[in-house]
Amino acid sequence: MATSTKQAYTPLNEQTVIELSQKLGLFSDYRSIEVNEIGDGNLNLVFRLVEPSTQKSVIIKQALPYAKVVGESWPLTLDRARIESDSLKKFAEFASEHVPQVLYTNNDLAVTVMEDLSSHVILRKGLIDGVTYPNLAQHIGTFIAKNLFYTSDFYLHPFEKKRLVQQFTNPELCKITEDLVFTDPFYDIETNDYPAELQDAVSELWNDSALRNKAARLKLKFLTHAEALLHGDLHSGSIFVTEESTKVIDSEFAYYGPQGFDIAHFFANIAMNHIAQRAHIKDGEKRAEYQLYLSGLIRDTWITFTDTYKELWRNEGVELATKLPGFEDEVLESIFTDMVGFAGCEVIRRTIGLAHVADLDSIADFDEQIILKKKALKLGRDWIKNKQRIKNIEEFITSIRSV
């Protein structure tokens, strides 16, 4: 469907979302449409519409002009709805099986109509519950590799690459990442959110000038390295899964940035779940078995990513530098080193910054929660400060298992 003519922005409700679906011809019997607002995010309204007679369903998502977690005092650009729909369409060019189908967009209303993924579950919930997903590593590793390579200078004509950089310039949401991931957790800033019992550990972070220096360097790379199109917020809450299927959602933070960023966020969230399982799975043998699965998930994702990236590099690389012996290894080594540092920033942010992870926050025993959050902070700090010393994925996994 084509994008419609200009309309005034108005937040949708259960009645107007049905009216919109009728205008779009999404269903045949509008009198019986069932509507549920299912969004639990901070930035959007999300409605699920179902036609009972056919069980046909769609998702209608609308960006809000402010962050729900804060309120109207934190305004947000509605252009992020365009960024999300455009990025999902771009990702679908390379990995359509791993993103929801976009059915309609309206940039004026900040609305996207997309495939309903109610048959899937949010990966974070599944991991907290100790569920294994046999295809997840292959799917995510392939998804990231294809998206990075096919939107990079190694594949694209430089004019097309620069056009895409313009299309996905996303200053407002990048500023959120710049602040919440790379700046605020390392300083005494009011957006930080942690219990008093963590104050000693937090103060130690804030007084570590070497850590702040390393975090600032990572922020500089985030600001200045427009290497490939990123999802921009690829945590376990942005992935829907079944045993057979993996779908990446919520790409409103998409922009051109450093190639190690997305996989870093994925690994950081797996690592936090690994730490949290010490509280979630009480049986020691079962816990060890599941943590071994999580280690394998990281390993297999990285192997799939590098194997896929190398295959694309060798078979489809256009830039002459892709023909230089050994250059692909240098690029992947750089991605890996960046990944370690970015993952450290994500772990620290999700532990003491704004917007935590349920993996840690849902631990019922408060004393145990504090102990495990301190372990997470230590891991994040070590990754940032020692990213050059961790040379391969096995050493990265060992750092998680030994914290």
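Placed from the backbone N, Cα and C atoms, the Cβ positions cover glycine too.
All annotation found in TrEMBL is predicted automatically rather than curated by experts.
Database features, via TrEMBL:
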BINDING   ASN44, LYS61, GLU115, ASP116, LEU117  ATP binding site
BINDING   ASP233, ARG349  substrate binding site
DOMAIN    35-270  domain 'Aminoglycoside phosphotransferase'
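Every protein chain shown contributes to the tally, and the Cβ of LYS61 (ATP binding site) ends up with 25 other Cβ atoms within 10 Å. Long-range Cβ proximity for ASP116 (ATP binding site), meaning a same-chain Cβ under 8 A and a gap of 6 or more residues, is found for ARG48, SER57, VAL58, ILE59. Residues ASN44, LYS61, GLU115, ASP116, LEU117 are recorded as binding ATP; their most distant pair of Cα atoms lies 17 Å apart. Considering only the binding-site residues ASN44, GLU115, LEU117, the residue whose Cα is spatially closest to the Cα of ASP233 (substrate binding site) is ASN44. If you measure from the Cα atom of ARG349 (substrate binding site) to that of ASN44 (ATP binding site), you get 22 Å.
For the binding-site residues GLU115, ASP233, counting C-beta atoms within 10 A of each C-beta gives the highest total at ASP233. The binding-site residues under consideration are ASN44, ARG349. Their Cβ neighbour counts within 10 Å are lowest for ASN44.
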